[in-house]
Amino acid sequence: MRVMAPRTLILLLSGALALTETWAGSHSMRYFFTAVAPPGRGEPRFIAVGYVDDTQFVRFDSDAANTRGEPRAPWVEQEGPEYWDRETQKYKRQAQTDRVSLRKLRGYYNQSEDGSHTFQRMYGCDVGPDGRLQRGYDQLAYDGKDYIALNEDLRSWTAADTAAQITQRKWEAARWAERQRAYLEGLCVEWLRRYLENGKETLQRADPPKTHVTHHPISDHEATLRCWALGFYPAEITLTWQRDGEEQTQDIELVETRPAGDGTFQKWAAMVVPSGEEQRYTCHVQHKGLLEPLTLRWEPSSQPTIPIVGIVAGLAVLAVVFTGTVVAAVMCRRKSSGGKGGSCSQAACSNSAQGSDESLIACKA
């Protein structure tokens, strides 16, 4: 699934980076592929997005006017025409493979052509501060449910049901795991290192959250305290509530971290407290951009104005991300089990020209 021509150059580049560069914390590169088949025999829509950490850097949409891979980050725009040609061909091949897989999966599950169906894939790699592989993954889902996943050993598969076992047997016979493992341990890590170097001003920054607590009366006896964290990057953050110094785990409303639309993120955590006891509750915030964790209380005399415009913008971006990529929310969960892997044969799987950061095109289901 990868073009070998530039591999020697990339190996030299990644080796140099490994010797000269270290990165704070771990980093990840992930691709999300989604194929949606409409009812009947219409052509499936295929959408692909790529992320380094929490930053989208590439997108492809088979329904777009310009069906090419599109840069979504300044640091990837510097890649030349050959890079974008390879990216585009990768996505087009994957779209063709997923079209076949959707047809086969309908047969495996004995489904008619009346309904709409979705086939998803998420794959990628994580590296540590030393730039070495920490973890690789390749997970597939059908209609929002786990289908098959590469195990943590990168040598074997876990099938979610009897239909997925059909795919598992095909992939084991094709020795597909071995080739995917070679990609995850090799080119995936190499290109992630390259992106981290090229985009270090963006990808390795740490923007601390802007925080405050708001008070919302419910009745004469209760009120909601909401702890806000806005404008932070990267997305990983921890918000907790304590009562008299003891962490509260029950009845906490915690929203998922949301994109703000400007490259940063938003999050809040809320809980209902007895009126008059608000000062017994503290919100605790931990984030990479903070020198030390923050502790906040509601200050009755200085209720801040909630930045509704920014929050609405964040929700709008979230909606676009969800509907445009239809990807992460229902991706399969990882499983682990033992087993033997192998190397993918051309006869069983699409074997693309290899290059840049493109993964092996997934075998047909």
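For all residues, glycine too, the Cβ spot is worked out from N, Cα and C.
The region 'Alpha-1' feature in Swiss-Prot is assigned to 25-114.
The predicted model assigns the region 'Alpha-2' (115-206) a mean pLDDT of 96. Summarising the annotation, Swiss-Prot assigns region 'Alpha-2' to 115-206.
Note on the region 'Alpha-3' (207-298): DSSP counts are 3 helix, 56 strand, 33 coil. As annotated by Swiss-Prot, region 'Alpha-3' applies to 207-298.
Per Swiss-Prot, the feature domain 'Ig-like C1-type' maps to 209-297.
Swiss-Prot lists 299-308 with the feature region 'Connecting peptide'.
What Swiss-Prot records for 309-332 is transmembrane segment.
Residues or ranges marked as topological domain 'Cytoplasmic' in Swiss-Prot: 333-365.
As annotated by Swiss-Prot, phosphoserine applies to Ser356 (among others), with the evidence given as similarity to another entry.
According to Swiss-Prot, the feature phosphoserine maps to Ser359 (among others), an assignment based on similarity to another entry.
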DSSP helix/strand/coil residue counts for the region 'Alpha-1' (25-114):
32 helix, 28 strand, 30 coil
